[in-house]
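These features come from Swiss-Prot:
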ACT_SITE  Cys142  active site, acyl-thioester intermediate
ACT_SITE  His235  active site, proton acceptor
ACT_SITE  Glu237  active site
BINDING   Lys163, Ser192, Arg249  substrate binding site
SITE      Gly111  site 'Important for acyl-CoA specificity'
SITE      Ser192  site 'Important for substrate specificity'
Amino acid sequence: MPIRIPDQLPASDVLRNENIFVMSESRASTQEIRPLKVLLLNLMPKKIETETQFLRLLSNSPLQVDIELLRIDDRPSKNTPEEHLNTFYRQFELVKNRNFDGLIITGAPLGLVQFEDVAYWQHLQNIMAWAKAHVTSTLYICWAAQAGLKLLYNLPKRTREEKLSGVYYHDIHKPFHPLLRGFDDRFLAPHSRYADFDAEFLAEHTDLDILATSDVAGVYLAATKDKRNVFVTGHPEYDAYTLHGEYVRDLGEGLNPAIPVNYYPNDNPDNKPCASWRSHGHLLFANWLNYCVYQQTPYDLEKFSEANFTKDE
């Protein structure tokens, strides 16, 4: 949330240059606040588990956020009761004529599937195209980040030879960028993907701000100049045991998975894993809600227009 200070206080310019949200007394006197409208497009198989993880992160903010859950299509789910989907999830047809402050598109276990072979690929393209004219800021997670880069920049699908699984250190590159507000210089975050996000490749083929990278995992966090599209290639929403569940699942399927890196104490799967990324996940989502959504979105969503947004250089 912003701090309110006298209009001409000398500290205001210093703080604004550090991308700290400073509100003058004159602006505060006319400020209008309403709940933020955020749409969560849940592509993960275990939808109840995933929605809980994201709601946990979205709740850690003084801003009131109204969440609506969106399903990609009406195909039956193998891992979520149909009653749950019918009760709590909306079809795109029911929301497409409305505007939203934020959209989150989750990951999906489709790392080795070509985009054109994804059953709902056309539906996803339609939703991403719709978001450009109806959503202030979209947050793409893991596989969705790769899909978003394909649709927005026509980047080819790049796949690693071995699955990336574990908790990795990342370095920040633009310390005064709003999304990095309060970040440590180095932080931990989990990854579970085949997708390859090479920093040099993204820098050469896009105009994205590359905000955080890992020597092993590549680009972790990037955003368009106007902050309307934010790409997170890892899984900051994961619970302590999510990577463990995936590891055990892959073992059971005979895939001979590698032990997730920097996850189990002493790299022993018999030991209880430690969630070393929890504070990072909460901070990332709080920053996205504050700087990319709340400070950018119009008070009256009916007046939403792409023309309201400029690309900050």
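Even glycines carry a Cβ here, placed using N, Cα and C.
All protein chains shown were included, and the count of other CB atoms within 10 Å of the CB of Glu237 (active site) stands at 27.
Counting every protein chain shown, 20 other Cβ atoms lie within 10 Å of the Cβ of Lys163 (substrate binding site).
Here the Cα atom of Gly111 (site 'Important for acyl-CoA specificity') is found 16 Å from that of Arg249 (substrate binding site). There are 12 other CB atoms within 10 A of the CB of Arg249 (substrate binding site), with all protein chains counted. Only Cys142, Ser192, from the recorded positions Cys142, Lys163, Ser192, Arg249, place their Cα within 10 Å of the Cα belonging to the residue listed as 'active site, proton acceptor'. Counted within 10 Å of its Cβ, the other Cβ atoms near Ser192 (substrate binding site) come to 21, all protein chains included. Lys163 (substrate binding site) carries a strand DSSP state (E or B).
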